[in-house]
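The compositional bias 'Acidic residues' annotation in TrEMBL covers 386-431. Annotation source TrEMBL lists region 'Disordered' at 381-448. What TrEMBL records for 12-36, 43-62, 74-96, 108-130, 142-159, 180-203, 215-234, 241-262, 282-299, 311-331, 351-371 is transmembrane segment.
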Amino acid sequence: MGEDAVSGLTRFRVLAIAAVVPVVTGHAAVAALFALTTAVAPLAHFSTSGVLAAALPGWLAAHQVPIALGGPELGVLPLLPTLAVVILVAHAAAGAADRLALSTSREAAQAVAAIAGTHALTGVVTAALYPAGYVEVDPLLAGAYPALLSALAATAGVLRRREVAEPLLARMDEVALAGLRAGAFAVVLLLAAGAAVVTFGLLTSLGTVGDMVTAFGSDAGTGIGMLLLSLGYLPNAVVAGTSFVAGPGFSLGEVVVSPLVFSGGRVPVLPLLAALPEREAVWWPVLCVLPAGVGMLVGRRVRALDVEPMGRLRAVAVAAGVVAVAFVVLAGSAGGRLGTGAFDPVTLRPAAVSLALVLWVAVPAAIVTLLGGPHPVGALPGLIPAEDEPPDADEPPDADENPDADEDPGQDTESSGEDGDADDAPPDEADGAPASGPPGHGEPGDVP
């Protein structure tokens, strides 16, 4: 069903719902979290208007818009709400694509533009609602960040519809498509490695976690607030763990943590930060085998993709490109400014971690594909290609391979006659002796 099968009014209504529902739902979710933490926190005054007003900059923060709350900029924003926004927008876009039966890239682009435009407008209006000095937000960033994030999420949503995705996939060759899948596979495994490192750090620091939870009080409200804050920043910690195993590591103000360089110090009182080590360990460089192992798995995934080695290496290059782009974005989003104190800035070194992960993935993957992939039979030294094998001596040559097969039929007839005369000759003539001598001479052996 295309554009002609859906009326303009129906199309407008469906796209409006897909664009507005994520905005309203996201604002309501942020307001609900603020209401929960305010209601259970000690000495906090709960008011509906105050919660709704505070939810507006919270909505911007969920879209990774840097904000300043009456002072220094807060750029280290939790990634968990951002992930929830992406899922919400993608689900709304996929539902609109199914209801409108989108089948062309132009229809899909219209849906994505409607969703992104609504988010951009909402961000600009939200930034303009607050007076200067209370919440300071750059209006350009307030419109650009939500628009970009929602556009990416909506694109992922509409591509879930087969009629939209198939024409795009048809333009890609098998090698590039396999490289994209291998790259996504590598990103997931690298994040899993980072999550494993964070989990190990938390499990070995449970006592520190308890001390940080009770640092601001032992009441339930404080505990819930600290738990929610730690959960919000958990994806940031996972990306930091991946940066650690990749080699570049990360820094929190003056605190530097990497397998090769360590500089300890004070950290904010957040239970999630209990996973940070207190001192350097000599075995940390061994953790670099994790991204190298991911590279080997990528190589195993594409090693049987193509007989030609260059085809397999091209798939590895595409996968490495996916890893590079993904971790430039993730590492850049997980860090940022944190006021002007001793913990500013928080950086995960996006360029360094991206380059390191590209090397950790591409080099082992290339080695595995070259050594473990198929090889053309003719390329092996000492072997004769099948089409160049000599014919069997016991088999007569084919008529097509006889060089005399295309000669004049008359010549063939004469040759046949001569051959017949040669067959009728005496044995000694057949052996090559002349049948008669020069004129005037008799048979061989006659006396003149």
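Backbone N, Cα and C define each Cβ position, glycine as well.
Same-chain residues lying 6+ beyond the ends of the transmembrane segment (282-299) with a Cβ under 8 Å from its Cβ atoms: 182-183, 185-186, 189-190, 193, 196-197, 244-247, 259-260, 316, 319, 356-357, 360-369, 372. By the Cβ criterion (distance under 8 Å, sequence gap of 6 or more), the transmembrane segment (43-62) is counted as touching the transmembrane segment (108-130), at least 3 such pairs being found. Using a cut-off of 8 Å between Cβ atoms, the transmembrane segment (142-159) and the transmembrane segment (215-234) share fewer than three residue pairs, counting only pairs 6 or more apart in sequence. Under the criterion of 3 or more C-beta pairs below 8 Å, with sequence separation of 6 or more, the transmembrane segment (12-36) and the transmembrane segment (180-203) do not qualify as touching, having fewer than 3 such pairs.
The stretch from 74-96, 180-203, 215-234, 241-262, 351-371 with the most CB pairs below 8 A to the transmembrane segment (108-130) is 74-96.
As a quick check, the transmembrane segment (241-262) and the transmembrane segment (74-96) miss the bar of 3 or more Cβ pairs under 8 A, pairs 6 or more apart, so the two do not touch.
For the transmembrane segment (215-234), the most Cβ-contacting stretch among 74-96, 180-203, 351-371 is 74-96 (pairs under 8 Å). Nonlocal intrachain contacts for the transmembrane segment (74-96), taken as residues 6+ away from its ends with a CB within less than 8 angstroms of a stretch CB, comprise 14-15, 17-19, 21-22, 25-26, 29-30, 61-68, 102, 111-112, 115, 119, 149-150, 152-158, 160-161, 229, 231-236, 239, 333-339, 345-346.
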